[in-house]
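Residues or ranges marked as transmembrane segment in TrEMBL: B:6-24, B:36-56, B:62-88, B:95-114, B:144-161, B:192-213, B:225-249, B:270-289.
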Amino acid sequence: MRKILSMAVAIAAGFTLAGAGTPASAAEKLKIGFVYIGPVGDFGWTYQHDQGRKAVEKEFGDKVETTYVENVPEGPDAERVIEQLVRAGNKLIFTTSFGYMEPTLKVAKRYPKVFFEHATGYKRAANVSTYNSKFHEGRYILGQIAAKTSKTGTVGYIASFPIPEVISGINALMLGAQSVNPDMKVKIVWVNSWFDPAKEADAAKALIDQGADVISQHTDSPAAMQAAEARGVKAFGQASDMINFGPKAQLTSIIDNWAPYYIERTKAVLDGTWKSTDTWSGMKDGEVVMAPYTNMPDDVKAMAEKTEAAIKDGSLHPFKGPITNQKGELVVKEGAALSDKDILSMNWYVKGIDDKIPGQ
Amino acid sequence: MLDAAILGAVLASIVAAATTLLLASLGELVAERAGTLNLGVEGMMVVGAAVGYATAYGTGSLILGAIAAVLAGVMLSLVFAVLAVWLATNQVASGLATTILGLGIAGLIGSPFVGTRLDGAPELRIAGLTDLPVIGEMLFGQDAFVYLSLLLLAGVAYGLSRTRAGLVLRAVGENPVAAHALGHPVRGIRTLAVMFGGACAGLAGAHLSLAYTPFWASDMTAGRGWIALALVVFSAWKPLWLLAGAYLFGAVSILQLHVQGFGLGVPSQLLSALPYIATVVALVAISALKRGQGAPAGLGVPFVPDR
C-alpha cells in the first residue's frame, strides 16, 4: 500500500515538474487571459470583446498567447476563474464585466506581479486598471437620427437594467432627439436581462404595436433588429454591426471596438511600460464606432456625420447644458457640461422622458 | 387605451410566445408520465435550436432544419435515457448533466453561424380570415409551429387518456414494478417517452431559431426549458391544463411589456417576476384543492427489473 502511495506521489510530482517546465520553455510568450460574462457567440458584448482578443493575437502573433473563459458568473466563481488564469501563467488578464470588480481586486492583491484590466468598473489598484467606452456619445447621434426619421414622433427603447450606464444612454438619446424635435417621445420597456433573444423580440414587437417606429436597444442580441425588419420599421443595432439582420431597418449601430485598447495595453506589458490607469475612451479614440449610416435620406446622414465629427473634435458634448431633469430643475447650467463622474453615476431622467426609473 | 389593432397584435404575440413553452413542456409531460424526470429540457432545446439552424442554413430548407432539430433532441435525450433509464443513475443529476452537455454542444455546433440570419418560417395568411379584427391574426396568422404544437397537444391528450398505449405508459409511470410483472417492458417504454420528450424539446428549440428569432446565438433559449419544466408541475401532469398554463405564461410575459410601454408605472422587476409568481400561486392553489397532485407515483425513481 505504502509503495503504491509513494509511487502515486512520485508520478504526481513528475506531472507538477513537467507542468512547471512548460511556461519556462516558452518564456518569450506573453500569456493573456480574458474573462467573459456571456458566450462568445452572443453577437453582442462578449462577441466584441472576443474580437478585441483576436485583434491582439493578429497584431502580436507569436509574441502572445491568449486564453478566454466564457459564461463566467459574477461573484465567487469569477474569483476562482481569475485565480486559475493567473496560475496558468497569464501575466495580463482582462475581466470584462462590471460584477468582476471585487473578484479582480481580490486576486490582484494576491498576485502583485500580474497586471489586471477591469472593464466598466471604478476601483483600481497598483496592478489593476479600469477601462470603459463612452457609448452615450453614440446614443446622442441615434437620438438625432430617430427624431428626423420617426413619423410617429415616438422612439422605442429596449432597456436592460436600471444602472447608470443604461440610464445615461437613454438620456443621451433623448437629448439628441430633443435637439432636433423638442416634442419627441420615448417609450421604454425594461426586459431585466442583457441577453434573451425571444424576450427582446417580444419587447420590440410590443413597442412597435404601441406606435414606436424607430427601435433602439440596450440589450445584446439582434432579435429586436430582426423584428423591426419584419414589421417594416427602423432600428439601431447594438454592440455589433447588425445590418445583416436588418438590411432595410438598420439606421446605424453603435459598435464596441475594444481592439485599439487591448492592443495598446498588451504593447505596454511587452514594453514594460504598463501602469495602472483609468481609461474612458469614446469616438475620438475609435473605441465607439458608428456603423455606416444607412436607410436614411442624405440630409439626415449629413446631420449625423456632422454631429459625429463635432463629438470627435470635442466641440459637442452630449451632456452640455442647459439640462433640466424630470422635475424641471436645472441640473446643468448653460455653457457647462456634465462631468464624467456625474455621467457614470447618473440615476435621473432628463425632462421629456415619460417614464419612471424602476426601483425609484 | 387598448384599441382593436393593438389587442389583436397582443393576442397573436401571446400565442406565438406560448408555443415554444407548450412544445417543450408537452414532451416533458409525456416523459414524466412514464416516470422519468428529465431536467435536460433546456439542453435538448438549445441543441435543437443550434442543429435546426445549422441544417436550415446549410440546406436552405426550414423543414429539413426542423426535422434535424427533432433528431438532435432525440439523440441528446438518448444520452439521458442510457444514464437514467438503463444504468439507473440519479435522474436529477443525469438531467442536469444533459442540460450542461447540451449547452456546450450547441455552442460548438452554432459557433460558425454567429452573425448570420435566415428568413424565418412564414406566417399563415388566409385572405379574409387573417384580416378579421382582434382574433384574425391570433387564429389564422401564425407560423406552422403554432398549429403543429396544438395538433401534438391534441394527440398527446387523446393518446394518454384514450389509448391502450397511453394506459401502459401511465402504468409504467405510476407503478413500474406492477407494469413489469404484467410483462410490459418498463425501460423500453420509458426510453420511448424520454425520446418523445427530446423530440418535442428539439422542435421547441427549432421554433426559436427558425421562426421566432431566426438566427443563432449561444444560449438563445435563455432558460425557457426550465419554465417548461415548471409548467408540467403547474399543469398537474394534465395536457389540457398544460395548454392553459403555457398560454397564461405567454400572456403574462407579453402583457408585462405592453404595460410598461403604456407607462402605467408598475415596477418592471415585479412585472418580470409575474410569470413565476403565477406558477407559485398555481402550485399553492393546486395543492390546497387537494386535486391533481397528479405526480406519477413512480416519478424520478429508477427502475431495475430484478428488484
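Heads up, the Cβ atoms here are built off N, Cα and C, so glycines get one too.
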The transmembrane segment (B:95-114) vs the transmembrane segment (B:36-56): 3 or more CB pairs under 8 Å: yes
Close approaches to the transmembrane segment (B:192-213) from elsewhere in its chain (Cβ under 8 angstroms; 6 or more beyond its ends): 16, 19-21, 23-24, 26-28, 30-31, 33-34, 36, 38, 40-41, 44-53, 56, 62, 65-66, 69-78, 80-81, 84-85, 118, 120-121, 143-145, 148-149, 152, 169, 172, 220-221, 224-225, 228
Non-local residues, at least 6 beyond the ends, that sit with Cβ under 8 Å of the transmembrane segment (B:144-161): 15-16, 19, 22-23, 26, 29-30, 33, 66, 121, 124, 169-170, 200, 203, 206-207, 210-211, 239-240, 242-243
Top Cβ-contact partner of the transmembrane segment (B:6-24) among B:36-56, B:62-88, B:225-249, B:270-289 (pairs under 8 Å): B:225-249
Long-range neighbours of the transmembrane segment (B:36-56), counting only residues six or more past its ends (CB under 8 A): 24-25, 27-28, 62, 64-73, 75-77, 80-81, 84-85, 91-92, 94-103, 105-107, 109-110, 112-113, 118, 190, 193-194, 197-198, 201-206, 208-210, 214-216, 219-221, 223-226, 228-229, 299-300
